[in-house]
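Peer 1: Here Swiss-Prot flags 1-84 as transit peptide, drawing on a large-scale study or a structure entry. Per Swiss-Prot, topological domain 'Mitochondrial intermembrane' is recorded for 85-281, and the stated evidence type is experimental evidence. Look at Swiss-Prot and you will find 108-209 tagged as domain 'Cytochrome c', backed by sequence analysis. If you look up Swiss-Prot, you'll see Cys121, Cys124, His125, Met244 marked as heme c binding site. Residues annotated as phosphoserine in Swiss-Prot, with a large-scale study or a structure entry given as evidence: Ser182. According to Swiss-Prot, the transmembrane segment annotation covers 282-315. Look at Swiss-Prot and you will find 316-325 tagged as topological domain 'Mitochondrial matrix'.
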Amino acid sequence: MAAAAASLRGVVLGPRGAGLPGARARGLLCSARPGQLPLRTPQAVALSSKSGLSRGRKVMLSALGMLAAGGAGLAMALHSAVSASDLELHPPSYPWSHRGLLSSLDHTSIRRGFQVYKQVCASCHSMDFVAYRHLVGVCYTEDEAKELAAEVEVQDGPNEDGEMFMRPGKLFDYFPKPYPNSEAARAANNGALPPDLSYIVRARHGGEDYVFSLLTGYCEPPTGVSLREGLYFNPYFPGQAIAMAPPIYTDVLEFDDGTPATMSQIAKDVCTFLRWASEPEHDHRKRMGLKMLMMMALLVPLVYTIKRHKWSVLKSRKLAYRPPK
């Protein structure tokens, strides 16, 4: 067989490596039987030597596979731990009247909401960034706001003797704080610090929907859930345990305008008031937007006409070069 291969190589390559015509070479190769002529090129030998994986490579691939599987399991475990917050109820989206593009706040509801804050919320929560003058023209007249401010005593001074004194509140005074400092607030609320309500609606995900759901979402803890003393179950609060007792209930107060003081009505009014406190420029911003749209309706056709009849002439103008003769 080796002799046959040598003779065939000699026939194909010829003397001194000279090749024969392609047709003759192909004919000789095709006439040879596979069993009689086991030719192996260098490329085939190289591929056959790499077809099998060594023991070290197999061990490395196995280790990488186990590492990938472990990483996937760890990622799933961490994802499950992070998704534990899904146990908290997400507040639904309520149809607030001021959510339209051109809708304003209900100022009657703002007035009732301020009454709720004054009689229910102000005993624990402060509003450091809202003054009595901000109520003028929104839900109270100037005289009414002055009367409200005069009901509180504000520390002022020093006087001529260098001493601080108390005086009736004025329009430029801000709402009084229920506690002198945060330490006193924590001491009076079992270690919990009541948040400031000036920007509470803008500071919470969900806005007024979250505040409304929190105020009306108190319920008994489910079976198997135990709370320590001083905490209340609320599914909308992170952790479901809140230190604030249910602040509102039906007929907790009487509105000045005679509106029935149901729990949902009280929560709706105080949320509207807190929405205004978080964004006092709400109505002004929408009025400016409406004025801008009206101005744009007049300016856009004018600009389009100028572009078509003035700029298009300049844009389509061509310059021709005429060399001097």
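Keep in mind that glycine also has a Cβ here, set from the backbone N, Cα and C atoms.
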Peer 1: Would you kindly give the Cα-Cα distance separating the residue listed as 'phosphoserine' and His125 (heme c binding site), rounded to the nearest Å?
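Peer 2: Approximately 11 Å lies between the Cα of His125 (heme c binding site) and that of the residue listed as 'phosphoserine'.
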Peer 1: Including all protein chains displayed, how many Cβ atoms other than that of Cys121 (heme c binding site) lie within 10 Å of its Cβ?
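Peer 2: Result for Cys121 (heme c binding site): 22 other Cβ atoms within 10 Å.
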Peer 1: Please report how many Å separate the Cα atom of Cys121 (heme c binding site) from that of the residue listed as 'phosphoserine', as a whole number.
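Peer 2: Here the two Cα atoms are 17 Å apart.
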Peer 1: List the residues of the same chain that sit at least 6 positions away from Met244 (heme c binding site) in sequence and have their Cβ under 8 Å from its Cβ, in sequence order, or write 'none'.
Peer 2: Cys124, Ala192, Pro194, Tyr232
Peer 1: Cβ under 8 Å, sequence separation of at least 6 from the ends of the topological domain 'Mitochondrial matrix' (316-325): give me the contacting residues as numbers and ranges.
Peer 2: none
Peer 1: Under DSSP, is Cys124 (heme c binding site) helix, strand or coil?
Peer 2: coil
Peer 1: Can you list the residues of the same chain, besides Cys121, Cys124, His125, Met244, whose Cβ falls within 8 Å of the heme c site's Cβ centroid?
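Peer 2: Output for this site, in sequence order: Val120, Ala122, Ser123, Pro194, Leu197, Pro247.
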Peer 1: For Ser182 (phosphoserine), which residues of its chain lie six or more apart in sequence with Cβ-Cβ distance below 8 Å?
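Peer 2: Once residues fewer than 6 apart are set aside, Ser182 (phosphoserine) is near Leu193.
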Peer 1: For Met244 (heme c binding site), which DSSP three-state class applies?
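Peer 2: Assignment for Met244 (heme c binding site) reads coil.
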